[in-house]
Protein chains: 6
Amino acid sequence: MVKKHEMQKYLDKAEVLIEALPYIQRFNRKIIVVKYGGSAMVDDELKEQVIKDVTLLKLVGFKPIIVHGGGKEISRWVGKVGMEPKFINGLRVTDDDTMELVEMVLGKVNKNLVQLVESLGVRAIGVSGKDGGLLKVQKKLADGEDIGYVGEVTEVNSEILNDLLEKDFLPIVCPIGMDDEFNTYNINADDAACVIAKAMGAEKLAFLTDIEGVYKDPEDPETLISELHVREAKELMSSGFIGGGMLPKLNNCIEAIESGVSRVHILDGRIPHCLLLEFFTNRGIGTAILDDENTKFYKGE
Amino acid sequence: MVKKHEMQKYLDKAEVLIEALPYIQRFNRKIIVVKYGGSAMVDDELKEQVIKDVTLLKLVGFKPIIVHGGGKEISRWVGKVGMEPKFINGLRVTDDDTMELVEMVLGKVNKNLVQLVESLGVRAIGVSGKDGGLLKVQKKLADGEDIGYVGEVTEVNSEILNDLLEKDFLPIVCPIGMDDEFNTYNINADDAACVIAKAMGAEKLAFLTDIEGVYKDPEDPETLISELHVREAKELMSSGFIGGGMLPKLNNCIEAIESGVSRVHILDGRIPHCLLLEFFTNRGIGTAILDDENTKFYKGE
Amino acid sequence: MVKKHEMQKYLDKAEVLIEALPYIQRFNRKIIVVKYGGSAMVDDELKEQVIKDVTLLKLVGFKPIIVHGGGKEISRWVGKVGMEPKFINGLRVTDDDTMELVEMVLGKVNKNLVQLVESLGVRAIGVSGKDGGLLKVQKKLADGEDIGYVGEVTEVNSEILNDLLEKDFLPIVCPIGMDDEFNTYNINADDAACVIAKAMGAEKLAFLTDIEGVYKDPEDPETLISELHVREAKELMSSGFIGGGMLPKLNNCIEAIESGVSRVHILDGRIPHCLLLEFFTNRGIGTAILDDENTKFYKGE
Amino acid sequence: MVKKHEMQKYLDKAEVLIEALPYIQRFNRKIIVVKYGGSAMVDDELKEQVIKDVTLLKLVGFKPIIVHGGGKEISRWVGKVGMEPKFINGLRVTDDDTMELVEMVLGKVNKNLVQLVESLGVRAIGVSGKDGGLLKVQKKLADGEDIGYVGEVTEVNSEILNDLLEKDFLPIVCPIGMDDEFNTYNINADDAACVIAKAMGAEKLAFLTDIEGVYKDPEDPETLISELHVREAKELMSSGFIGGGMLPKLNNCIEAIESGVSRVHILDGRIPHCLLLEFFTNRGIGTAILDDENTKFYKGE
Amino acid sequence: MVKKHEMQKYLDKAEVLIEALPYIQRFNRKIIVVKYGGSAMVDDELKEQVIKDVTLLKLVGFKPIIVHGGGKEISRWVGKVGMEPKFINGLRVTDDDTMELVEMVLGKVNKNLVQLVESLGVRAIGVSGKDGGLLKVQKKLADGEDIGYVGEVTEVNSEILNDLLEKDFLPIVCPIGMDDEFNTYNINADDAACVIAKAMGAEKLAFLTDIEGVYKDPEDPETLISELHVREAKELMSSGFIGGGMLPKLNNCIEAIESGVSRVHILDGRIPHCLLLEFFTNRGIGTAILDDENTKFYKGE
Amino acid sequence: MVKKHEMQKYLDKAEVLIEALPYIQRFNRKIIVVKYGGSAMVDDELKEQVIKDVTLLKLVGFKPIIVHGGGKEISRWVGKVGMEPKFINGLRVTDDDTMELVEMVLGKVNKNLVQLVESLGVRAIGVSGKDGGLLKVQKKLADGEDIGYVGEVTEVNSEILNDLLEKDFLPIVCPIGMDDEFNTYNINADDAACVIAKAMGAEKLAFLTDIEGVYKDPEDPETLISELHVREAKELMSSGFIGGGMLPKLNNCIEAIESGVSRVHILDGRIPHCLLLEFFTNRGIGTAILDDENTKFYKGE
């Protein structure tokens, strides 16, 4: 026999599940690309929460794809191996040795994520952009300078991801690609997530970041923007207010939206379970970038 | 910007969803037969909760099948039409006219449930045991007396349900069957749920009832049994303590377990969201009947 | 040993079967919608013949779908229950109580047809427009007046019927639908048959009626029309000769033809096996409405 | 407007079609092997009737396979080419030249049948036992003598026929096979039909012959046997009454039944539409050989 | 232990296989139509080599289709049977008797090829243009004269070949077709190969001929052309240099290229393994006809 | 125009391809597991040859799976990072840090192989035993001592490999696994190849090694054994002649054979194209271990 107040606690739980119903329905069999990086990848507790969130998305019928970076772990290993950083015109160069190490570290991070998902009983597979020729790249110059094996994606061979989704895997992608001569290149993870979302016709693209979202005025925390239409985003970018790190991210967001992704989110990865909150509650997390016309179905609308 | 305490509320919600993860995994693509009847069918709020629960089970990847009765609504219509009840040796007889009315009422109840599920965005289909020859019956005598069109199931043609599940329908079954001459018979809904669970190889069979569960001593509410092994259930039945209404239900439970259904539950349908509580929390609701050996995975074990 | 004249009888039979060959070929795997109603539904012998005919169509490889009404049975039950008919401006109103009863009666009629088909060894399933959200409706006003739950179809979700045909069921549809708020509505069976034929891309739509066909002059039985091109049908309708009951039916026929149904037939359901005669012999039954250009393959052409 | 007596004629036709219903159901998707030979292959009118019959069987959902001989046409060509018949111990020898001609004639007959079926709008394909390695043979000695390329089937590679049936072809097989060294052999068409029926798990095997059936006493036409159980057939064979030509045929029948073919028929191919009469009416044609236990469903039983 | 020089022999073999790799890749799952005729069909050793070549193409993942003639064998049989050739205006006429014999001979040739392929362990099936209605023809007049059953293809029913390829058969086609009245016609094998290549969207069409290829000047063996663009072929044809036999062949080549076949080859069938040499080495055999723009991937380009 | 002797060269090439025909047939759609390691992995030219060989096997219809080690590269990195080797009772210990580095190096090697295969135009995917839970392990003790994260495989989840083969990938597996707590373990690559071959029902398992094969007397190169039956292998192992490194390898061979792998080969990876030689020529490479009864089809038998 349970006490009244205890009973209430259970009923509250049931209520939470029931509240999730329309969201579960909305994203049923939809592809969701999650760019995973930043603090959420360093802090072990946050990491576990993100993975649990994505696993839950998979189990309730969504089709999530994780694209991850590996920034801090790469730095740690560069130090550990005692590599000499090289620079051209002040830009860090990804030479052969660096590329080799980056691929090793990203590979390790990749399999570690596979491990976490598998431990939750969901079928994961880790691939890099080499597998099945997923990501074709060309050398990316920085201000006209050759800074080594840094690539920009020219083609996404989405067939491999479709095959893996069809076989019910949760694909975890590390941002490595090959050029036409099959050399290895490093790719910015935000860019990789963006092109994959576009190529897969994703319903949603979510960036886990270390910021609360986009601000009208980065100096003023009160100016956090909840929803940003593409048109407004472009204005904001040309306003000069937006800081350096945010500019390419916003660019990615706009590009994704304009290629047919329904909604792009810049989430604060430092908030526990930010993905679940974003998908299953009416709590606005971070900034949603959306099509100028797209105003249907979503919370608050 | 959200306040701290408000934030906590959202995190609590995320926690509830995460707690559901192992259960969602456990019953993924498993067939769940829910016998739906009693108060949970009369009270509109409870009805909506049950349907929401089942719909959620469907959306997160389970394969629920609802088998429903229609007791009180039948009584209401018998009165409304002004039918003369007939009796043989004190037993109520289901003659042609009664059978016709029963089928009409059950049909209406059936489509009403379809309507509720559809309104939640899930694909439902209502069938009776006539459709696709689902339930073959023979006349059931009561103490050797012919009491009319009351049938017991001799064969379940599970192909139709498998076809509907394969096409991603939520099947809702009303307990009507046909004999070898294709006459219409009424079937006890508990019995129908039991034979369907057996024929479909269900993972779980849940009876929504108007009692809290099975008691060691029905007079003493403190003696509610949480888990009852088949062996114990048989002892209890022969003890004489178990009341009339519970005996056939326990028999159904035992039969289902012995035919391979992993677990059978007698739930208190008067508790809101009792199905969700049963499936997604570690709150024990009602009485679980289980195989003498089956002790793995479940809560509290 | 058989006698000569007896032998001839058998050979004649074989000849009949052979004559059916081109028709069987012509409609192989084609969808045929049969609107079933009128006398053919009241007379038990006619009923059995219609069901046998449709079952044969199914067995020889066609894909029939039955859409049925329930007119007289509804009237019988309205009387039985002692309902007070309500009127607005002289029009009969389908209020809540009436709608409830109509749904019950149509449901019973539906399962009775399932029963007959099943008794002939063919797999049938009875659905209403609620199942799988088959028929979406909006309220239909009569001369601007709200006469209750009378709906006109705004959308046919043909996926459910395709799924059932794929699983080799013979679908039997009762003309009930739901509006956007998931309220129950009654639909004119002729209209339902017409929109389903259109949505399913039916090859043929056949109305079983209580008339011999369309007459140039309803007063003169000699003026029965065998074939009516859409253009002629429109002229006839504007001629003022066509009676009230026939006008909406002809409208449905024209609409179906103009949406791609190859041929629409108004058959005399009082003639035994009128469907077989129409499909398998060169005997013209009733009136065929056809495309202005469509003149190939058919008998007499 | 049709006259009364004319109407009756049409209704009689409908009745014939309806009578076919249980038979169409009974053999739905069942494999039927028809050994086609004798007069029914020489007389052009009979030929057309047989092909129409088989085509109808195909169209109403059966899966017929034709195995044909070519006796008289072979004799005609042997004469035409002016071949010298060779004999060993009085037995006709199939030497290289004869085998070459036999294959050519059977090939022509085969494509001629394809042509007839195609002209009726049904998809046919003609194969010999060489295609897909359908019939593996070994040399068959006659009384210990080597009489050339006469083979007995050692293995049926039924996969090719299953593939063709799956693609909805009507396969027409000519009785040529290859031995382990891939030499060409002639096969008795009755034998070929029998082994194919066995290997394909046919429901029925029908031999079109030039006799009325099996007689108890071949001298007395009154002693034609309608149904012959395997046990009785064996007794008959050992009775000495059965003539030379019938013995191997009866042997084939018994072998087929004992390998699981439900029923074997010796039909009189000289009766027009004998196949249709056999399948669709209760007119007993020729002799049915059946399992000692198999007594259910069939006419007269 | 192997000796050095012996080892080298094996390594050379491996090298040959490795050289085949890009070609195997290039034609993976591509349809290749081989017109088989001429000396390569008369000489037993060449015949075996051609069949081995095609079988290898099949085994390494290509989808070859053989279309064969039967010229010399037909002449042999015309003589053997002692047929009187008929002429109209000096043109040989294919009357009923000739057509019958031609079909018989081609049928025999067809099954003989099946036999050879089967003996190499690959699944073959021989069809004529009658099977599945593969080749629909109309009478072809020669200079306005009716010369009997000589047909030109009006329609290729490619479904049958696709079905057979899907079931992993190697189809072998003999050039016989039917007109709208289902009469039998002989078809020029080159023409048949060409229309089949077009209808199947073949990647390559190869003619095995008895010439070395196309010459600029047929008198001068030094003027053999390796690659001929469509434009050049047309010029050559209008130049008057090209001899009678070559003109229709070149026409077929041009037609095939212009219908989307990537490359057409006129090969010298008298060279052993000419198909393998063409497909797997950089040795130019005969003449390749190619699209004016198509210049990528191939050897020498 | 080609010269005679040049022509001969091409014909020899064709002959080599034709010789491959029976082998291509024999292994069509068969699973081949290749353990890749040793010199063949260090020498760049050998590496390219092995990858070309495996790619060719894939292209001609086999289903190869590569399982690779990474020995020397691991040593190189252990040195580079300046790790302190740890020992227990003289045994090298795989502690956390070592395991991390091993996984990184193996991951890099894995993707490098993917890269090579992709550059040859074949679809590859690199997985570790973590992906899809492919390899479940438990800690392996060495003489009772815990030497860290060294695992032995307890379960192969072959579903993931079957899924990838079905999608036409060439899977490349690195020998990392997880225990029940999802910790990372290193696995001996020979062992991994062996258990995978067993679980996948491989037709052949080939070990690329740095030895010529198994010797009766390792001191005497003349005693190289070409074929070794399981019985003989066991005798040899108990003879004491077999050296330390060979013992576990022979054990793996025997285990694989006894689990149903048809043939196991110990190949000399230092011979260029040793895989092709083994598969496509009658040149015996290294030592074949085979079932005591298995003596059919193979060369030399």
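Cβ atoms here come from the backbone N, Cα and C positions, even for glycine.
Around D:GLY70 (substrate binding site), a 10 Å sphere centred on its CB holds 24 further CB atoms from the protein chains shown. Here TrEMBL flags D:GLY70, D:GLY71, D:ARG92, D:ASN186 as substrate binding site.
The domain 'Aspartate/glutamate/uridylate kinase' annotation in TrEMBL covers D:30-268.
Neighbours of D:LYS35 (site 'Transition state stabilizer'), defined as other CB atoms within 10 A of its CB across all chains, total 32. What TrEMBL lists as site 'Transition state stabilizer' is D:LYS35 (among others).
Sequence-distant neighbours of D:LYS249 (site 'Transition state stabilizer') (same chain, 6+ residues apart, CB-CB distance under 8 A): D:ASP190, D:PHE207, D:THR209, D:ILE266. Annotation source TrEMBL lists site 'Transition state stabilizer' at D:LYS249 (among others).
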Spatial separation of D:LYS35 (site 'Transition state stabilizer') from D:ARG92 (substrate binding site) - C-alpha basis, Å: 23
Cβ atoms near D:ARG92 (substrate binding site) (within 10 Å, other residues, all chains): 14
Neighbourhood of D:ASN186 (substrate binding site), C-beta criterion under 8 angstroms, separation at least six: D:THR94, D:MET99, D:VAL102, D:GLU103, D:TYR149, D:VAL150, D:GLY151, D:PRO175, D:ILE176
Stretch-averaged pLDDT - the domain 'Aspartate/glutamate/uridylate kinase' (D:30-268): 92
Around the Cβ of D:GLY71 (substrate binding site), the count of other Cβ atoms that are within 10 Å: 14
Spatial separation of D:LYS35 (site 'Transition state stabilizer') from D:GLY71 (substrate binding site) - C-alpha basis, Å: 13
Any further residue of that chain within 8 Å (Cβ to the Cβ centroid of D:GLY70, D:GLY71, D:ARG92, D:ASN186) of the recorded substrate site: D:GLY69, D:ILE74, D:SER75, D:THR94, D:VAL102
Integer Å distance between the CA atoms belonging to D:GLY70 (substrate binding site) and D:LYS35 (site 'Transition state stabilizer'): 11
